[in-house]
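Q: The structure is given below, and queries will be raised subsequently.
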Amino acid sequence: MARERKVLDALDTAKTQWYHFTAVVIAGMGFFTDAYDLFSISLVTKVLGRIYYFNPDSKSPGTLPPNVSAAVNGVAFCGTLAGQLFFGWLGDKMGRKKVYGMTLMLMVICCLASGLSFGSSAKGVMATLCFFRFWLGFGIGGDYPLSATIMSEYANKRTRGAFIAAVFAMQGFGNLTGGIVAIIVSAAFKAGFDAPAYKDDRAGSTVPQADYAWRIVLMFGAIPALLTYYWRMKMPETARYTALVAKNDKQAAADMARVLNVELVDEQEKAVMAEEAAARREQYGLFSREFARRHGHHLLGTTVCWFVLDIAFYSQNLFQKDIYTAVQWLPKADTMNALEEMFKISRAQTLVALCGTIPGYWFTVFFIDIIGRFAIQLGGFFLMTAFMLGLAVPYHHWTTPGNHVGFVVMYAFTFFFANFGPNSTTFIVPAEIFPARLRSTCHGISSAAGKMGAIVGSFGFLYAAQSTDPSKTDVGYPPGIGVRNSLFVLAGCNVVGFFFTFLVPESKGKSLEELSGENDMEAEPAAAANSYRQTVPDSGQVE
């Protein structure tokens, strides 16, 4: 117990060192790959529709049918949800390091396989693409609980929030890189294989080589993951897992002395009574009454907040097409060829990532250990609600000519305060407040709830946001409640997140053991030992 306490204290008080930044890069590259793989599909769906669902009799270019679009975009989210639950549990059973390598190799293999999707028909290509993207999502899902848990267990308590936020912020660079790669690929193919616009030549507007463009974009995501694999395997197991779960405090001390350049001196062992009490210390499980008493409300808070946040966050993607049209980034589809449309969509989404997504993430990195998680999450939900209502109440005003700039500004602020707010904190807090032996599992449960919200947001509102007028809906979609009413619903989701934030404790400046209550459990053996000493006379005492 003495050595274990020494290791944990050394981790909490260790100065920020080069290894901390190395861990951010290694863990963050996983999230870079996650974001690239999850969101790059939205850059190529228009091309997929033109290639595989071309109708020579239609005045509009081919598009993915609603059910196919939902499957192609959503199957990775379903895989991610399953992976978060499975690998989160496995990370607590086998250790963070062992499982970390599994998830990365699964991502590399399925990323390459997605680009090699085969078949002689549209149905065959879409089916194989969905199959491999499900398993790609399964691997991505494991990265959520493992990356967050590993970074939280390596970091010191003073800068822990910034380091976990920096890992998560790599998502922004993944989004940005996806857009840049798609721009380069589409521009290169367009220069080499130029074609007329769809209205001028329906069949000729999509050159056969466009089938290679989308595959290259998807397969590129395997490169950063593959480059990171060696360094992930070189990382030692986290000292907190080794000491608190594997019960090998000697190995934990040796690992941390090596990577953090600190000397951990052995201390005299505690009294026999204290050791026996420690061995009997209650190791409550996830479904026990003790867990419900200590952390049940915390888990409820993290899952509900992440669920409603992702409904709102992923639903914002629905309105990007309106913004692109408002600022005239995207002309009508029939005025472009397939590769030109891919280029302009990629350029628009790259600008959104550069101006709205990335700044919000890094504001969180710089301020989270100053302001605190609670204030950032609460303020983020509040301001997201305010800006969504600011879009919804005068929605008809914003969509009239001359007012589009205001709509874009309001939309950008909604995105900014999602990232400088609950989109970051919902990832960070579950990695801090639960016991070491359940930390990865609880983070997996929380992130899976978020991914369930993403599925609702991406597809439920894909239908809900359709116009109430059947003549104005997108091809193949039934009437919905309209964009304005959808914004009101999303604002309501943010209000729910605002109130459930009060169930989650502030973790700024506290050790993981203090937050999880493991310090309280360690105090019980010491108290038992003190009581024992008071009742048993010292062997050298003269009576």
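Residue numbers in this text run from 1 along the chain shown.
Quick reminder: no glycine exception, Cβ is built from N, Cα and C everywhere.
The compositional bias 'Polar residues' feature in TrEMBL is assigned to 531-543. Residues or ranges marked as domain 'Major facilitator superfamily (MFS) profile' in TrEMBL: 23-509. Here TrEMBL flags 513-543 as region 'Disordered'. Sequence annotations record features per position, and here TrEMBL assigns transmembrane segment to 21-48, 68-87, 99-118, 124-142, 163-192, 212-231, 298-315, 351-371, 378-398, 404-421, 442-465, 485-504.
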Q: Using Cβ distances below 8 Å and needing 3 or more such pairs, separated by at least 6 in sequence, tell me whether the transmembrane segment (442-465) contacts the transmembrane segment (404-421).
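A: Touching, no - the transmembrane segment (442-465) and the transmembrane segment (404-421) miss the threshold of 3 or more Cβ pairs under 8 Å.
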Q: Are the transmembrane segment (378-398) and the transmembrane segment (99-118) close, by which I mean at least 3 Cβ pairs under 8 Å that are 6+ residues apart in sequence?
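A: Between the transmembrane segment (99-118) and the transmembrane segment (378-398), which are separate recorded stretches, there is no contact, as judged by 3 or more close Cβ pairs.
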Q: Can you work out whether the transmembrane segment (485-504) touches the transmembrane segment (68-87), with the criterion being 3+ CB pairs under 8 Å where the paired residues are 6 or more apart along the chain?
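A: Result for the transmembrane segment (485-504) with the transmembrane segment (68-87) is no.
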Q: Sequence gap of 6 or more, Cβ distance under 8 Å, 3 or more pairs: do the transmembrane segment (99-118) and the transmembrane segment (298-315) meet that?
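A: Not in contact, no.
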Q: To what whole number does the mean pLDDT across the domain 'Major facilitator superfamily (MFS) profile' (23-509) round?
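A: PLDDT averaged over the stretch: 85.
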